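> Handing you a structure now.
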């Protein structure tokens with residue numbers, strides 16, 4: 001250990017004694033992310049206070065939970081570029097602290113989180129705290145060009161926010177270009193009293209489902225922005241491992257291994273960080289009890305398969321109650337069948353390992369779970385539709401009146417490459433295929449942030465506040481004859497780019513029915529709203545019928561989520577109250593849909609008191625152009 005690391009260790013251990021004598025009910029949890037390449041000579045040192053030390057160098061206390069950021073041999077923990085070899089090819093990827101996925105952030109309900117980011121990459125980025133409510137702290141949401149401009153190369157930024165009233169698994173990720181494919185990690189909020197409404201697990205285990213891209217992620221974003229969507233990842237990953245179903249010249253890739261003890265339970269925190277796909281997840285010989293999602297408890301639900309869409313975080317208990325052996329875990333991507341455009345099969349396989357079992361499984365075949373067909377998307381609908389919320393008196397109060405209603409169609413369209421309105425459609429080279437909400441394809445700002453311009457009162461010419469509350473014309477939204485290019489869909493295909501937002505007064509009750517369509521594709525759509533949780537009242541297949549389907553709304557114990565998986569050629573109804581002032585991004589969490597424009601943003605005005613208003617930008621906030 002170098003002198004700097006030794007000094008850091010001594011200082012951290014000395015401060016531990018201070019923490020033991022100064023226990024408080026809430027804490028400031030502090031992290032430093034340094035974005036640089038591996039040759040950087042800077043050595044950031046973060047002094048911390050804590051009581052317990054874990055094997056990673058993190059110091060943990062139930063109420064005081066700072067992290068000591070040092071590494072052996074004077075190596076700082078960094079977010080940087082790194083060359084990694086998989087499938088016989090070496091690829092440059094972007095990672096945090098040399099890890100893919102990135103480090104897990106652990107906090108307690110009521111803590112304040114402070115993250116210092118220094119950008120030494122060659123391009124800008126922001127860090128988004130996916131699912132954190134950010135009550136009165138919209139400045140720290142980390143949505144590029146929505147709440148802030150990207151941190152430029154050589155710049156720095158500090159995120160400071162509180163987490164209160166949320167318990168469970170969320171996550172963090174880069175929010176500019178496609179970098180979230182590798183710059184991501186779990187964000188775990190634990191209860192203040194350490195008690196869960198389910199049997200305490202022996203261990204927490206993050207299960208980060210992602211993708212392995214050989215193509216440079218910056219180039220991927222550039223190609224998609226130009227309307228080229230022909231690139232695909234090479235494999236799925238589980239905790240960064242491709243698994244033994246992928247191989248190079250006959251040599252299988254490394255698999256993620258989960259060691260278990262017989263009779264113990266494990267809390268699997270499953271997060272889908274993938275850019276492209278929803279995943280089915282199973283472990284042979286084992287079942288799960290779903291207990292939470294998106295930082296909220298759920299009514300325990302027993303199943304042998306978890307379905308997790310991009311942006312979702314699902315908490316499940318798994319009991320190690322099978323005969324001692326090796327068991328395969330599998331993450332399999334689903335996709336719509338033809339005539340939708342097809343992508344390769346994405347799958348990763350890991351191992352659940354009981355003690356005393358040889359690497360060859362004692363000479364027996366390793367059991368593998370029976371997975372659904374990749375083109376069968378109905379298990380996703382059944383899984384999500386079976387989840388209900390575990391009622392929380394302070395939060396599970398569904399607004400029974402509605403002030404503003406939206407019916408939002410989600411689909412594709414096209415714009416002419418030459419900027420005109422007349423060109424050959426049907427996926428011709430004269431058009432760029434875009435994604436739409438109510439036939440509007442969102443134009444993302446590139447020089448300023450929406451929150452800054454709204455707060456300064458300079459939004460004229462940057463955005464308008466007329467996002468439509470319904471599509472311009474009704475049609476049979478789920479008619480699959482609209483999927484292939486042809487004369488039927490051509491009439492509906494033309495659209496336009498615009499930065500259309502919607503403004504709400506404080507404490508407005510909003511209901512949104514999202515309708516997935518079959519226009520040029522029939523994908524599902526994981527819709528994520530920043531700054532809010534919403535009640536998922538109901539989901540269905542086919543066209544939403546207000547006379548019939550409102551009778552299905554669950555007002556008793558609906559899920560409270562930040563991301564809702566709108567089924568393939570189906571619908572989902574959500575409701576929330578605008579109690580958090582700011583500018584909040586609403587978008588599909590398929591990365592290609594974001595780039596294509598399936599997004600908007602909601603402006604929520606201040607309430608009548610300082611406690612219901614957005615404070616001025618904090619001192620650490622960097623205005624666009626000032627960093």
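Just so you know, glycine gets a Cβ as well, placed from its N, Cα and C.
Automated prediction, rather than curation, is the source of TrEMBL annotations.
Straight out of TrEMBL:
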type   : residues : note
SIGNAL : 1-21     : signal peptide
DOMAIN : 79-193   : domain 'Plastocyanin-like'
DOMAIN : 204-334  : domain 'Plastocyanin-like'
DOMAIN : 467-607  : domain 'Plastocyanin-like'
> Along the domain 'Plastocyanin-like' (467-607), what average pLDDT does this model show?
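Reported value for the domain 'Plastocyanin-like' (467-607) is a mean pLDDT of 97.
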> Is it possible to list how many residues within the domain 'Plastocyanin-like' (467-607) are helical, extended or coil according to DSSP?
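Split into helix, strand and coil, the domain 'Plastocyanin-like' (467-607) gives 20 helix, 57 strand, 64 coil.
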> Please list, for the domain 'Plastocyanin-like' (204-334), how many residues fall into helix, strand and coil according to DSSP.
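Output for the domain 'Plastocyanin-like' (204-334) reads 9 helix, 67 strand, 55 coil.
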